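Below you'll find the structure, written out as structure tokens, and then a few comments.
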């Protein structure tokens, strides 16, 4: 570390940029992306992609139907606790290996020489498919939200409002994707600005809505209702309270995904071995707090669950939209204030989608750099602005194809939320599993580490992910029919089977895990 470019320097410690470059070279890569992000910018990307305004709002119907207020408000605390273990374990590993590859690189380093290629391969594919599904679910949720805003703005479903067809919703979704592709083609400084805007918007949006919504409401739910009411009248044929609560956890779990973004942005972050872990930890911690407060504010105006979930209401069954619309209409005689609240949420969802494509493209860039993707030589390129331009548009294209399932079956498309959740959490858990097993004694921590607690925290994280994987693959309605079938195990199992088949038939002959390019 005392030389730069072969010349000796009488310097006690290298500059931060040189230290980051040197560490990346030790991990096997040369600096190719522009390293211009601070710890705040790195945190902002993960905080924007977690986006509690996005996760809570777009999956609120699921939480309300399966368990209702009790499953959401108390379930959130349970999920936040165990997600904290996952985040801490990931942060510890990120500090040791700050590269854009993130999870699949970690698996390769922690699984041991014999299993490294396969571990890296499976982790990488779960990670990138989960990210594709995340981009798809976020941007499609935004298209649906825009459609509801237009519906309510034109009179509502019962007042002659405009109800867009599934083809119009798909067209809106396509336009959103294209805009996100254009934004992610910009220089990293512009992306940093959008990331910070996303973080600030979520904080400000939660602050405004938490104060505004309960204060406007003429009718508010009691504290007993918010914390103890269990909705068993879900119309899905499920009567077991434990089962209902388990399925209802999906809302809370989905609302806390995407913080691997901080790891994928480390090659563009200064002091990466500290800033990356801090981005993960702080984004999850603050999102857990802000999300719970926001959830309480929304649930305080939920007084008639069957009505809010009824597809015959003005919002077409979009529970939160109907609740906000009615709250302002009862107070002021017009639902315009509720529509304004939905616009605030829509902007947060848009900024979340921007961060999704950013994270997705960096993962794709790193994965193709190691030759793991078909036509890797096309995706592993950066343009004059040092942006992985080609893989940005690959991410957009795959997300578009995934959304085509909405034309055939809305139920099949809803599985995208579960795929995004489980795909990413399985990818999160695999390197943690190797950290607490094969690398139990050999792991060399970075500046951020958990000390003696590392093994215990990591073990809890792995067990939690194993549990939710089983829970979210359970049937969501009885009797099981075509329109109520849970496609999650098919999709998640499909990723596993296809990745293993590709490994056995092809990849095992040439894929050796991360490839050094120094």
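From the backbone N, Cα and C atoms, a Cβ is placed for every residue, glycine too.
Per TrEMBL, the stretch carrying the note transmembrane segment among 368-386, 387-405 is 387-405. Ranges compared are 130-150, 193-213, 214-234, and TrEMBL records transmembrane segment for 193-213. As a quick check, the transmembrane segment (280-302) and the transmembrane segment (193-213) clear the bar of 3 or more Cβ pairs under 8 A, pairs 6 or more apart, so the two touch. By the Cβ criterion (under 8 Å, sequence separation of 6 or more), the transmembrane segment (455-478) is not in contact with the transmembrane segment (39-60), since fewer than 3 such pairs are found.
Counting only same-chain residues 6+ beyond the ends of the transmembrane segment (39-60), those with a CB under 8 A from a CB of the stretch are 72, 134, 137-138, 141, 144-145, 192, 194-199, 201-202, 205-206, 209, 250-251, 254-262, 265-266, 269-271, 274-276, 278-280, 282-284, 286-287, 290-291, 294-295, 298, 319-320, 344-345, 348-349, 351-352, 354-356, 358-359, 417.
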